[in-house]
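A.B. asks: Sequence annotations record features per position, and here Swiss-Prot assigns signal peptide to 1-26. The disulfide bond annotation in Swiss-Prot covers CYS28-CYS65, CYS38-CYS54, CYS55-CYS80, CYS67-CYS87.
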Amino acid sequence: MAAVKFLVCSVLLVVLATQSEIGLAQNCSAAIGGLMSCGPYVLPGNQLTPSTQCCSAIQAVNHGCLCETINIISSLPGHCSLPPVSCGTA
C-alpha cells in the first residue's frame, strides 16, 4: 500500500514538473496536489466512497487542468519506451 501511494505521489510530481505552460502549471499545481486526498479511492479494487475532501478537491480543479494532466499521464509509457496503455480493450 505504501508503494502504491509513493507511486501515485511520484506520478503527480512528474506531471507537475512537466507542465508545458508555466501559468497552467502554477494554477494546476495546488489543485492537483489537493487530489492526494483521493488516493485511497483511485486504487484498483477499493470499495470506498470518495471523501468530502476528495470531492472538494475535484470540484476545485479546472477542467483543462484535469485533461492536460490525464494527457501527460497517458504519455508516460511512450516516454519510457513502453507500449501505450489501452484501457477497455482485449
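Using the three backbone atoms N, Cα and C, a Cβ is placed for every residue, glycine included.
Source: prediction; values computed, not measured.
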A.B. asks: What is the total of other Cβ atoms whose distance to the Cβ of CYS54 (disulfide bond) is within 10 Å?
C.D. replies: 20
A.B. asks: Sorted by position, what residues of the same chain at least six away from CYS87 (disulfide bond) have a C-beta under 8 A from it?
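C.D. replies: When sequence neighbours closer than 6 are ignored, CYS87 (disulfide bond) has nothing within Cβ distance under 8 Å.
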A.B. asks: Tell me, which disulfide-bonded residues from CYS54, CYS55, CYS67 are within 10 Å of CYS28 (disulfide bond) if we use the C-alpha atoms?
C.D. replies: none
A.B. asks: Quick check on the disulfide-bonded residues: of CYS55, CYS67, CYS80, whose CB has the lowest count of neighbouring CB atoms inside 10 Å?
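C.D. replies: So among CYS55, CYS67, CYS80, the disulfide-bonded residues given, the one with the fewest Cβ atoms within 10 Å is CYS80.
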A.B. asks: Quick one: Cα separation, CYS65 (disulfide bond) versus CYS54 (disulfide bond), in Å?
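C.D. replies: Given the Cα positions, CYS65 (disulfide bond) is 16 Å from CYS54 (disulfide bond).
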